[in-house]
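**Q** For reference, the structure I am asking about is given below.
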């Protein structure tokens, strides 16, 4: 539902705006600009005149594909800026109009440049991560070989002391022992690398089993997580060194390393070469880091430049895509020089639409103007209620049940008052109402700032219904003053009540909360007003119950006005007579109409005739002149029984007002007496502080959140089920005009 503007007539929420079906004949050269201006206006709902064509067969399919490709590039930029933490410029440059071709070229250039930068950065980052792992392997494996070399040195000294072998110290770690027979020597090889820590034990076990124990493996834990070159994710890894014998064992080890995602790196057991390799790797890491930082700096500059124009480009592409989607709904005339459009618009918007057509013709330098004409139709018009920020939330509550049929009475007018009032009957406490009002006023005072922010789902709903919640809180304060309830504490602000006793001795005894039952019978409402005005002590429970059980009994002290018994008998008689009046006339009227048509008499149906009569008169015949009186009668009997039972059950459903009001009051009393007063009675400051904190959290969490939601849902049910289904069909469809405002607010 749109919000009213200054150029529109005053709002009438009771009835929907008068609608008209219009036809526009627009020259091809001004069609694009015409649809653009109508999108700014937002008062035309176009009909699809090409529904028989597929999307690929329509006139502007290529343009839509082009806009879709540009939208993909913009989403790519958005994702890149989000990852880099670059903020988009929210404000649009006023009066800036850019050409779509220029935007397409610019987006293509920026995408190509950004893709190239990302690809280069990924390669450099992968090389950097590989070198980091290689450096760790050199350091950790080098520690193992250094330890082995130290152990060999100690052995050499021991052997020297025993005068066994003088040249053993100079031999490499894995050099064969010359004292051993060369035919029995075993040449060992080794592999080094990194393996994920969570797979390290399984990795070691599989190696042992695959080689039948003919391997020697050592693992060292890396304290800090490292970035895996393949996945780019941080992972905890171990450095491993595997010693093996033979090419067959090496082949098995290589396959196992590949299966476990273990990255292998070359390594030399020579200590001098190890130090040289570490120096070279460190130097290359420094160079790569400098290059990567420079690339990221250039990338950030590019993303900031994109961010400055992002919203402008995004809005432009969205608008163009929406324009071409709309143009595809228009049909070509026989000359193929004009486009024909049909759509719904409010009657008051005729002048604005014609002005937009004239302006588009002038701005596009078209030699032929557009034609605007109103079509006659019997189609059901869409429903359009002009609302503002105060009434829009209430209208959404009604529309959630069903959109009003065109020119159907709108329950939203009554709901503006009845919804917060019924909520307040169940939430009657002026202390809680003040808390709810303060929270709502925060949303209202900061609505301009909050409306431009992305809120959570729950907060978004609360912000959208801020004025409804404000009305609910104000009515809660009102009913709380009537109930004399302030956080469950009774305050005698008004005269004492005597509704709970009939004895004159307790007539002026103070009652904290008036006992009441509002079943919303019209007659009961009159009795309540009379009782308030006269100060009578009549028991309205007794009056209403025995009005049905014993209508002829004397009222005695329960009589509120003269001839009350006669009035009640008349009302009861009318209630009973209404049942056969609902059951009998309609089937006989339908039968009479059928017989008249069968005899050749022709009657022109009135425009305002109830559609259900025509449907039922022809229902089940499937084009044949058959009339089953029994079926019509049974159908009407079912509706009558349903209405009578619904009248009783729906009226009894209003007892929830009393039940929820009592529950709210009792919960408040429990939190006040069993938490706050109990903590106060201990005369201990610590216990008192804890009690106050518990009381505050219980009040906010249970009474101000859960009870608010409960009372809201019950009030919603009372309006949808007990109120609106009595008269409201809600089988219309909402007016959905083509508007750039809605396009700008949509998320991709």
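Each residue, glycine too, has its Cβ placed from N, Cα and C.
Heads up, TrEMBL stuff is auto-annotated, nobody curated it.
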**Q** Looking at the ranges 65-99, 100-134, 135-169, which is given as coiled coil in TrEMBL?
**A** 100-134
**Q** Checking feature assignment: transmembrane segment per TrEMBL, candidates 495-514, 515-534, 535-554, 555-574. Which range matches?
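**A** The range carrying the transmembrane segment annotation in TrEMBL is 515-534.
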**Q** If you look at how TrEMBL annotates this chain, which of 448-465, 466-483, 592-609, 610-627 comes out as transmembrane segment?
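**A** In TrEMBL, the transmembrane segment feature sits at 466-483.
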**Q** Select from 421-445, 646-670, 721-745 the stretch of residues annotated by TrEMBL as transmembrane segment.
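**A** Among 421-445, 646-670, 721-745, the range TrEMBL annotates as transmembrane segment is 421-445.
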**Q** Could you tell me what the rest of the chain brings near the transmembrane segment (466-483), counting residues at least six beyond its ends with Cβ under 8 Å?
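**A** Contacts of the transmembrane segment (466-483) (Cβ under 8 Å, skipping residues fewer than 6 from its ends): 389-390, 393-394, 397, 416, 419-421, 423-425, 427-434, 436-437, 439-441, 443-444, 447, 493-494, 512-514, 661, 665, 708, 712.
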**Q** In the same chain, which residue numbers or ranges, 6 or more beyond the ends of the transmembrane segment (685-706), come under 8 angstroms Cβ to Cβ?
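**A** Tertiary neighbours of the transmembrane segment (685-706) are 429, 432, 435-436, 439, 487, 664, 667-668, 671-672, 675-676, 678-679.
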**Q** Take the coiled coil (100-134) and average the pLDDT across it for me.
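**A** Its mean pLDDT is 92.
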